[in-house]
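Taking it in order: structure first as structure tokens, then the write-up.
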Amino acid sequence: MSAKPTKINLLNFNRAGLREYFSSIGEKPFRADQMMKWIYQAGVSDFDQMTNLNKALREKLKAQCEVKAPEIAYQQGASDGTIKFALRLEGGQEVETVWIPDEDRATLCVSSQVGCALECTFCSTAQQGFNRNLSVSEIIGQVWRVATTIGLSNDSAKRPITNVVMMGMGEPLLNLKNVVPAMDLMLDDLAFGLSKRRVTLSTSGVVPALDMLGDQIDVALAISLHAPDDKLRDEIVPINKKYPIQEFLAGVRRYLAKSNANQGKVTVEYVMLNGINDSTDQAHELAKVLADTPCKINLIPFNPYPGSPYSRSSNSRIDRFAKVLSSYGLMVVVRKTRGDDIDAACGQLVGDVVDRTKRMLKKQMKGDEISVKMEH
């Protein structure tokens, strides 16, 4: 018995790709625009409901195509309103996505890979190793699935998602070919229509890919720094051995020079590890290292996970660290932890690739006092 033909998942196309596909099947490109409105603005995945497409086209699409996002395996709500979604992929793997509501926004923390290859020692995701990259449909499908589950609205003030942070499982710059089209859809007015300042990509420092990113799309940038010197960063963020701090920061400055989304500043993420990177001397060193890179700094209280060798810095140590940075005129925010009672806080996202006791999620990243980030 012959295998069932694989259907084309329309979530894998950004607007340019969808127009090209419609042209290839003999349809006018404007049909792609209509399709995008149905999928992303109306949340419709059933071609029969797309009533402004003629019946012949609907039948053709049903035979050849599908609109398929990852399914919800389970979801958990936290006491602060945060919801963690475990989404099941083709092949049975799972990734976790976190929705963080706040008074004036709702942020979604999105994964780019199953697992992560970067081996950051303080991150639970890194302990599971790397499995595979997510496809465009699996990345934008996280946004679509959560948005349609929470409830789409034509009222911009009631949007289920106002901000997206690429801070979930994985290193986004190691999956650039799928992350960029997915972010295109986040920004596209026919899809989710988010401002480029409300879509943030976080990287641990894949410098060549960062240069490529700047040539392909303009979104807000956050960097996972976590150490003020190469010796320590080599230990806790091993990609630093390939792209040391000064090389990384030079790449950041090149990106900022091309970008309007960042308003001239990068967000520097720094997880506070007790007795490791949180001394006042290290704060002085960090301020000096960042002197030539316009930035705002998010200090992230470490979120422990089972088997972690680290502990969280005390509030008093974090406050002292922040005051030293502020004395240099740097903008400093101590990130507010969200969703930690459901393992949905920064550094706790793992998914289903490994033992569930290692599960990890990430936190919130915002331009003010709240942030979501899943450490790489």
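First residue shown is number 1, and so on along the chain.
Each residue, glycine too, has its Cβ placed from N, Cα and C.
Per Swiss-Prot, the feature active site, proton acceptor maps to Glu96. Swiss-Prot lists Cys346 with the feature active site, S-methylcysteine intermediate. Residues or ranges marked as [4Fe-4S] cluster binding site in Swiss-Prot (evidence: sequence analysis): Cys116, Cys120, Cys123. Residues annotated as S-adenosyl-L-methionine binding site in Swiss-Prot, with sequence analysis given as evidence: Gly170, Glu171, Ser202, Ser224, Leu225, His226, Asn303. Residues annotated as disulfide bond in Swiss-Prot, with sequence analysis given as evidence: Cys109-Cys346. Sequence annotations record features per position, and here Swiss-Prot assigns domain 'Radical SAM core' to 102-341.
Positions of the features from Swiss-Prot, shown on the structure.
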residue	record	CB count, 10 Å
Cys109	disulfide bond	35
Cys116	[4Fe-4S] cluster binding site	29
Cys120	[4Fe-4S] cluster binding site	24
Cys123	[4Fe-4S] cluster binding site	31
Gly170	S-adenosyl-L-methionine binding site	32
Glu171	S-adenosyl-L-methionine binding site	28
Ser202	S-adenosyl-L-methionine binding site	26
Ser224	S-adenosyl-L-methionine binding site	24
His226	S-adenosyl-L-methionine binding site	28
Asn303	S-adenosyl-L-methionine binding site	26
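The local packing around Leu225 (S-adenosyl-L-methionine binding site), expressed as other Cβ atoms within 10 Å of its Cβ over all shown chains, amounts to 28.
Among the binding-site residues Cys116, Ser202, Ser224, the residue whose Cα lies closest in space to that of Cys109 (disulfide bond) is Ser202.
Candidates Ser202, Ser224, Leu225, Asn303 (binding-site residues) were compared with Cys123 ([4Fe-4S] cluster binding site); those inside 10 Å Cα-Cα are Asn303.
Of the recorded residues, Cys120 ([4Fe-4S] cluster binding site) and Glu96 (active site, proton acceptor) place their C-alpha atoms 19 Å from one another. Over all protein chains present, the Cβ of Glu96 (active site, proton acceptor) has 30 other Cβ atoms lying within 10 Å. Recorded residues Asn303 (S-adenosyl-L-methionine binding site) and the residue listed as 'active site, proton acceptor' have their alpha carbons 16 Å apart, per Cα-Cα distance.
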